[in-house]
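Since the structure comes first, as structure tokens, the remarks are kept for the end.
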Ligand code: RET
């Protein structure tokens with residue numbers, strides 16, 4: 001049990017609500033923008049819509065779970081039936097992180113062989129990263145938390161390494177202006193993905209206090225909005241710039 005004060009409880013409630021509506025709005029925006037890009041880039045937008053749709057569903061569950069596990073601003077985080085369910089985040093990531101990586105690969109429109117080899121390396125690595133983090137997240141034993149944190153960091157570093165090398169290589173082949181946006185995409189990815197392991201460490205070293213609960217929930221939610229919505233909008237921007245560079249009329 002953590003006991004929040006009125007402001008903390010309202011903050012978490014409102015941040016979850018903000019996360020939920022951001023995911024829904026972003027899903028609609030990327031869906032209706034399909035015709036604004038060339039067909040070869042549409043799959044990247046479909047991936048973005050799917051990511052935010054899946055996240056919207058999970059935020060709806062998280063939002064409800066927060067209400068149901070609270071009583072007089074005491075939040076039950078015991079893991080028992082009816083307590084605040086942290087597992088929704090991991091189910092969400094298990095589905096959305098591989099999709100986000102496919103989204104990046106799709107918008108780059110690389111040669112088929114290159115794209116396939118990237119997907120074969122990044123998708124299993126990202127699933128392993130999330131699956132290995134989960135036993136640590138739910139454990140209350142510090143050694144177990146550290147062990148799974150370290151194990152999960154191995155595929156994490158591998159993903160960043162592959163993305164850095166491949167994104168950098170693809171920059172030379174992108175039309176003018178696009179390279180800058182791809183660089184911004186890479187920065188956004190590193191900055192937002194870095195929040196998750198930091199929050200995880202915070203969980204290990206922090207106590208089970210109300211303020212660390214609030215910091216983790218707010219931190220994860222804002223990182224999710226940046227890593228999924230703002231990321232998806234950047235993907236749309238790249239797809240539009242490339243479509244125009246490849247001859248699509250500018251009024252689309
Ligand atoms: C864990 C466990 C501790 C070690 C590491 C982790 C990494 C998590 C990441 C999650 C990314 C999630 C995204 C979600 C949204 O769209 C599992 C916390 C390295 C990188 C991008």
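Quick reminder: no glycine exception, Cβ is built from N, Cα and C everywhere.
Panel annotation: around the transmembrane segment (12-32), residues 4, 45, 48-49, 52-53, 55-56, 59-60, 62-63, 66-67, 213-214, 217-218, 221-222, 224-225, 228-229, 232-233, 236 of the same chain, lying at least six beyond its termini, place a Cβ under 8 Å from a Cβ of the stretch. Residues or ranges marked as transmembrane segment by TrEMBL: 12-32 (among others).
The feature transmembrane segment is assigned by TrEMBL to 44-63 (among others).
Sequence annotations record features per position, and here TrEMBL assigns transmembrane segment to 93-111 (among others). Beyond the ends of the transmembrane segment (93-111), by six or more residues, the same chain brings 40-41, 43-44, 47-48, 50-51, 54-55, 118-119, 122-123, 126-127, 129-131, 159, 163, 167, 170, 174, 182, 185, 189, 227-228, 231-232, 235, 238-239, 242 to within a C-beta distance below 8 angstroms of the stretch.
What TrEMBL records for 118-134 (among others) is transmembrane segment.
Sequence annotations record features per position, and here TrEMBL assigns transmembrane segment to 146-164 (among others).
What TrEMBL lists as transmembrane segment is 185-202 (among others).
The transmembrane segment annotation in TrEMBL covers 214-236 (among others).
Same-chain residues lying 6+ beyond the ends of the transmembrane segment (146-164) with a Cβ under 8 Å from its Cβ atoms: 101, 104, 118, 121-122, 125-126, 128-130, 132-137, 139, 186, 189-190, 193, 197, 200-201, 204.
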